[in-house]
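S.K.: Sharing a structure, written as structure tokens. Questions coming.
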Number of protein chains: 2
Amino acid sequence: MGRGKIKIKRIENSTNRQVTFSKRRAGLVKKAREIGVLCDTEVGVVIFSSGGKLYDYCSPRTSLSRILEKYQTNSGKILWGEKHKNLSAEIDRVKKENDNMQIQLRHLKGEDLNSLQHRELIAIEEGLQNGQTNMREKQAVILTLPVAPELI
Amino acid sequence: MGRGKIKIKRIENSTNRQVTFSKRRAGLVKKAREIGVLCDTEVGVVIFSSGGKLYDYCSPRTSLSRILEKYQTNSGKILWGEKHKNLSAEIDRVKKENDNMQIQLRHLKGEDLNSLQHRELIAIEEGLQNGQTNMREKQAVILTLPVAPELI
DNA sequence: ACATCTATCTATAATGC
DNA sequence: TGCATTATAGATAGATG
């Protein structure tokens with residue numbers, strides 16, 4: 001539409017490309033607004049220029065966020081699959097750490113020892129003894145302090 | 001554009017509205033495709049008809065998901081609502097649990113005791129002694145077994 | 001409700017300043 | 001470089017089958 005017909009393919013001249021981008025972006029947003037009003041629909045448009053700049057439009061009385069939420073429930077497509085996967089993976093990882101520590105704690109308390117090898121029991125025993133040694137040293141320090149331990 | 005000019009306001013006749021919706025939706029998507037190709041940009045469009053039906057377009061070689069990911073990093077707006085928040089919250093919760101157990105373990109090993117109150121030290125000491133008691137009982141059982149402990 | 005047609009309106013490519 | 005103009009291509013409102 002204009003003085004000459006153009007082929008729909010990337011405009012090589014970067015100046016022309018930029019100019020056309022501005023014009024057509026405005027046009028696209030205008031059309032989006034119009035269909036929204038005329039047909040009483042919700043419309044969202046997101047455009048990234050090749051320079052990475054962001055432009056968007058969305059019908060009044062709603063938000064991209066809300067439109068996309070609807071999009072997901074309607075299409076069944078998950079838009080943020082990757083992000084969610086990452087978060088879920090982190091949860092799994094942390095929970096596993098958690099379980100391991102839980103078990104260690106139990107062992108140190110003398111619980112759930114039945115499934116352990118002798119070697120492992122020895123290690124725990126050593127851990128307990130180290131702990132007590134350290135603890136006694138600490139207590140000793142406290143007892144030699146000139147004030148009551150409760151106030152430390 | 002057409003036999004007559006129209007005002008940009010909701011089309012009351014529902015048949016006309018539906019027809020216009022189809023036509024303009026096609027037009028909008030075509031424009032989106034064109035600006036994408038001509039200007040080498042990424043474009044995403046989401047439309048909900050008033051009947052709740054979903055239509056969308058997105059440049060080839062990408063996906064709405066990717067476009068929206070970019071949208072978020074560029075705009076700083078968060079598009080995903082509850083789900084994401086819930087996952088984040090769970091991560092926080094689990095990590096906190098994690099930290100607490102980490103600390104307990106350290107304490108039982110006799111580390112990081114300096115910041116503790118006397119009362120807390122006593123509790124830990126008791127824990128250690130319980131642990132050792134339980135441990136000794138366990139060891140005693142093992143020692144009375146008819147096979148070498150290593151093979152258990 | 002759906003496809004086709006066409007007169008008319010709109011968007012815009014090229015141009016000029 | 002960016003805005004205003006204008007001739008033309010493209011989109012589409014209403015009509016018709």
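Using N, Cα and C of the backbone, Cβ positions are placed for all residues, glycine too.
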S.K.: Between the candidate ranges B:56-83, B:84-111, where does TrEMBL place the coiled coil annotation?
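M.R.: Of the candidate stretches, TrEMBL labels B:84-111 as coiled coil.
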S.K.: According to DSSP, how is the domain 'MADS-box' (B:1-61) divided among helix, strand and coil residues?
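M.R.: Helix (H, G, I), strand (E, B), coil: 26 helix, 12 strand, 23 coil.
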